[in-house]
Amino acid sequence: METSSISTVEDKPPQHQVFINFRGADLRRRFVSHLVTALKLNNINVFIDDYEDRGQPLDVLLKRIEESKIVLAIFSGNYTESVWCVRELEKIKDCTDEGTLVAIPIFYKLEPSTVRDLKGKFGDRFRSMAKGDERKKKWKEAFNLIPNIMGIIIDKKSVESEKVNEIVKAVKTALTGIPPEGSHNAVVGALGNSDAGTSSGDKKHETFGNEQRLKDLEEKLDRDKYKGTRIIGVVGMPGIGKTTLLKELYKTWQGKFSRHALIDQIRVKSKHLELDRLPQMLLGELSKLNNPHVDNLKDPYSQLHERKVLVVLDDVSKREQIDALREILDWIKEGKEGSRVVIATSDMSLTNGLVDDTYMVQNLNHRDSLQLFHYHAFIDDQANPQKKDFMKLSEGFVHYARGHPLALKVLGGELNKKSMDHWNSKMKKLAQSPSPNIVSVFQVSYDELTTAQKDAFLDIACFRSQDKDYVESLLASSDLGSAEAMSAVKSLTDKFLINTCDGRVEMHDLLYKFSREVDLKASNQDGSRQRRLWLHQHIIKGGIINVLQNKMKAANVRGIFLDLSEVEDETSLDRDHFINMGNLRYLKFYNSHCPQECKTNNKINIPDKLKLPLKEVRCLHWLKFPLETLPNDFNPINLVDLKLPYSEMEQLWEGDKDTPCLRWVDLNHSSKLCSLSGLSKAEKLQRLNLEGCTTLKAFPHDMKKMKMLAFLNLKGCTSLESLPEMNLISLKTLTLSGCSTFKEFPLISDNIETLYLDGTAISQLPMNMEKLQRLVVLNMKDCKMLEEIPGRVGELKALQELILSDCLNLKIFPEIDISFLNILLLDGTAIEVMPQLPSVQYLCLSRNAKISCLPVGISQLSQLKWLDLKYCTSLTSVPEFPPNLQCLDAHGCSSLKTVSKPLARIMPTEQNHSTFIFTNCENLEQAAKEEITSYAQRKCQLLSYARKRHNGGLVSESLFSTCFPGCEVPSWFCHETVGSELEVKLLPHWHDKKLAGIALCAVVSCLDPQDQVSRLSVTCTFKVKDEDKSWVPYTCPVGSWTRHGGGKDKIELDHVFIGYTSCPHTIKCHEEGNSDECNPTEASLKFTVTGGTSENGKYKVLKCGLSLVYAKDKDKNSALETKYDMLIGKSFQETSEGVDGRVKKTKGKYVMPVEKNFQETTEGVDGRVKKKKKTRMDNGRPKKKQRSGRDDNQTRMQVELQEGNINSVIMHTVKNF
């Protein structure tokens, strides 16, 4: 080094060495020599070049920096003259970034800002030295970072001997925070770095997914936005990456504060140190004291009051730790504005009342998860050529970790350098039990739980994804009451061991597997701990029989969860097997392969005289319970949930039994059930499911006591004829669907919100129907005896959905005010006159053979979005439709001839997606077809204009589609060909920012008129290619037809399918790739017809077409507009008649016709525009035409267009028209 630093040492330097980076012979002989002497007197090893003239090779010096623990970077006036000094500084920055080095800057007669901003002669020398060097940018970054670390300033007034002592103290303080080799327990030194104890290999992988996390956290800490002192909590489940995030934050922010400190591993430190040591450690760091064990905390507080402070507290686990630091935190809050405190914890409750805001660290997304896993799995060879062979397995491990960073690191590390066979073996082992290294992380949090919380955690694992109310009800018991159960759920939620989402209790997959591992360990110990049996091999294969026969083990079983789908062999239970299970709370025999639990072959044989003295049982689920009744010794005193679907039961139990806790009963499809007398005392019952209980004829009168019953399902109870008179005040949902002998419906609750009477034999609704003021849904589908709807329905002001489908005898709808109704289904009825429906959104009139026309007033239904007219075989015409209609289905309207002109109103701000279907409308007149195509064109134009204006067309989606009988591509399509494939050469700059979407057309023919389908879909694969690139194909929908409700139909005629879609994928790749280049582009389109999910060979695309749709520049007429296939202008919404290739006068303005692209020629003489002939395509390309000698006017018009004289062209055209 040119008069630079560092000594020659051949042996490996000892631990805790100091490297001095400096420039200048004068500095060496005086200040640096005194500093080296002082360091050595304090037993601190230091490296300095004693051989000024020859120095050391630079690579040796850089290696010494890597081996060092601390660097003293001494910035002096001549520092930037030396390339070696600056290259050393670059290396110092890299090492500090990696967390392997603590840097202490020393400003020798220079201001830190001079160094940081490269000012004055210091900066001039740097620019002169670095001129032309490609490393200049990295060097500037080093100068920007290192001086931002709090250092020591030596100015002209300083006493150098005192400053030397100050530097020695700072070095000693920093050394106390550096752990022994291999350890990661670093408490930051006074002038050090939070990552001092992080190995050099750790940095790279920790950045995966952390950039966005850091950005989000910094927004909550924003110093410009929040002027006062701010305390932020960083929370998340164990191993989620809180520590990594805090280290990144600390490293980025520490230079912005005059005092800063990170105290990590507070959970661990608190176990080995007295709590009063925590404030001593923190204050020592903040006060830059040589001895962090401060006895008098009052002395340095004034310093905190006067400075902006950054404090980072990591892994706080108990309130006492916060309380121990409270006094310092209060001083910081009351001190100078702008201080920041960050507290990381896995227990959110610790931050309550303490923090100003909370940042929750989320799981990594799939991309970052895969990167992190691959980094560790291939850490020694990131370019491993075989990595692609492991990709599928990698996906499996990433899926297993579910975005958990620590799990990804652990799994990747365990698989590093392992064969594919080992990877496969590891995956199979993980299916049985989690990695011990992952278990150990969660074990720390689990061990800190109380006994009640541990039981609650393990119980919840058995019922994850269930309703929160349900889980809390199961947990509530004599030893854990309702309040305690709620408290346990909240505590576990605060500790991120569970979470609640949409009212359900969820648990991360890793924690779920951990909970099972905890129970498995309990079974391998002395059996004294309560446990849950939930794996098939634990229960059947030498498990349950052994447990049930062992009195001590049986007494400690808390739950049995047996998936019957995994039982392969017949298994018999003895009548006495359950008598010793006095603590059993959860007994569940279920089938995971069938959610309806109806297809299980029960291979568990139960004796007739089974004993079941389960007094403590809360949850009893037994699929296909084989006995006629529960045993006499069964005691439901604590029973909360009873589920016995597809059972052989005739009644629950003999006689009356107390059921004070029973809230849920599900006996669905118990076809022999004939009595519900056992539920006479279930006064807290909330849900009762008796669907498919075909023998049940009546309800006991005692059911009127069920004042909390909110849900009653009697669907398919075909023997049920009536309900007793009662008032179930809490009942909200009543289902009587398919009760075919149920003739009279009594009003059993005024509070019903959803009432299903479909498929019943009722002929009329109750006289007091108006009492149902909360009724939202009334379903009377297929009530064939129903002849009229009472006028009292008009008084049901909350009613939103009325279903009268297939009420064959219903001919008249009452003249009532139903302005509140949103959904009205009248399909399959004989109603001829429509009611007033100002608010209806979904109207179904399909399969009505009586309706011949619709009321003209339907165009005023501004809320109407769906109109279903399928198979209205007498319908001959349709009026103008309202502007917000999104779906019109007129399939099979065989008498339909005409449509309104215009077909529907279009709003200037049109953004609605819409689909208009006229398939199998075989008598549709040509004028009607032309209006449909004209409407499609106007819809495309205005959709593009509105969406470009409102959201820039950033979302790729189908915006409009229609289909109708026909055999021609509409004339407004600019490119067309015969067949299913179209190739076009697009003009330069076709993909500029005005491109809003693409209009597509396909004429589809059925090769077999007798073929029947339930669905027909037309899609287009769009590919663009220029001179340099070929992009991935983009598939978009053109149109489709679906036979809803099952069944199939013929599509005999040829049909035209038109679709308009936004195309950001195509646009984006071109805009980003070559938006400024003037290159012609080829486009290739292939249209495909599918039936269901696969291509249908019985249908063929006869013709196809394409138009690109552009947004018109409203501020100016661009010369580029000459290339546009279709311009979007205000004039189009003003056109009252269809576009047929001529200019028409509309509201005092002239409208330019939609012209073809220049590859389609306009024939004319002397500037006159005639109806254009289509240029037919030969293999997707236009055939060449002989140029006429009378094309001068045509050419002149094109020149004027290119020069922007669009108005001249329009007037010239009109004049000659």
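Easy rule for this one: first residue shown is 1, then count along the chain.
Glycine is no exception: its Cβ is also placed from the backbone N, Cα and C atoms.
Swiss-Prot lists GLU88 with the feature active site. All protein chains included, GLU88 (active site) registers 27 other Cβ atoms within 10 Å of its own Cβ.
Sequence annotations record features per position, and here Swiss-Prot assigns domain 'TIR' to 14-175. For the domain 'TIR' (14-175), the model's average pLDDT works out to 81.
What Swiss-Prot records for 211-472 is domain 'NB-ARC'.
What Swiss-Prot records for 1162-1195 is region 'Disordered'.
Under the heading repeat 'LRR 1', Swiss-Prot lists 260-285, citing sequence analysis as support.
If you look up Swiss-Prot, you'll see 436-459 marked as repeat 'LRR 2'. Taken residue by residue, the repeat 'LRR 2' (436-459) breaks down under DSSP into 21 helix, 0 strand, 3 coil.
Taken from Swiss-Prot, the feature repeat 'LRR 3' covers 614-636.
Within its own chain, the repeat 'LRR 4' (637-659) is flanked in space by residues 470, 473-474, 476-478, 597-598, 600, 615-630, 665-670, 672-682, 685, which lie at least six positions past its ends and keep a Cβ under 8 Å from the stretch. Swiss-Prot lists 637-659 with the feature repeat 'LRR 4'.
Positions annotated as repeat 'LRR 5' by Swiss-Prot: 682-706. Counting residues of the repeat 'LRR 5' (682-706) by DSSP class, helix then strand then coil, yields 5 helix, 3 strand, 17 coil.
Here Swiss-Prot flags 708-728 as repeat 'LRR 6', drawing on sequence analysis. Same-chain residues lying 6+ beyond the ends of the repeat 'LRR 6' (708-728) with a Cβ under 8 Å from its Cβ atoms: 663, 668, 683-701, 734-746, 748-750, 756.
Swiss-Prot lists 729-749 with the feature repeat 'LRR 7', giving sequence analysis as the kind of evidence.
The feature repeat 'LRR 8' is assigned by Swiss-Prot to 750-774, with sequence analysis given as support. The repeat 'LRR 8' (750-774): residue composition by secondary structure is 3 helix, 3 strand, 19 coil, according to DSSP.
Taken from Swiss-Prot, the feature repeat 'LRR 9' applies to 796-818.
Taken from Swiss-Prot, the feature repeat 'LRR 10' covers 819-842, and the record attributes it to sequence analysis. Long-range Cβ contacts of the repeat 'LRR 10' (819-842) within its own chain (Cβ-Cβ under 8 Å, at least 6 residues beyond either end) map to 781, 797-813, 848-851, 854-855, 858, 861, 863-866, 868, 870.
Cβ atoms under 8 Å from those of the repeat 'LRR 11' (861-887) belong to residues 822, 827, 837-855, 893-900, 902-907, 910, 912-917, 1044 of the same chain, restricted to positions at least 6 beyond its ends. What Swiss-Prot lists as repeat 'LRR 11' is 861-887.
Feature annotation from Swiss-Prot assigns motif 'Nuclear localization signal' to 1170-1177; the stated evidence is sequence analysis.
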Structural state of GLU88 (active site), classified by DSSP into three states: helix
Positions whose Cβ lies under 8 angstroms from the repeat 'LRR 5' (682-706), at least six residues beyond its ends: 659-676, 712-724, 726-728, 730, 735
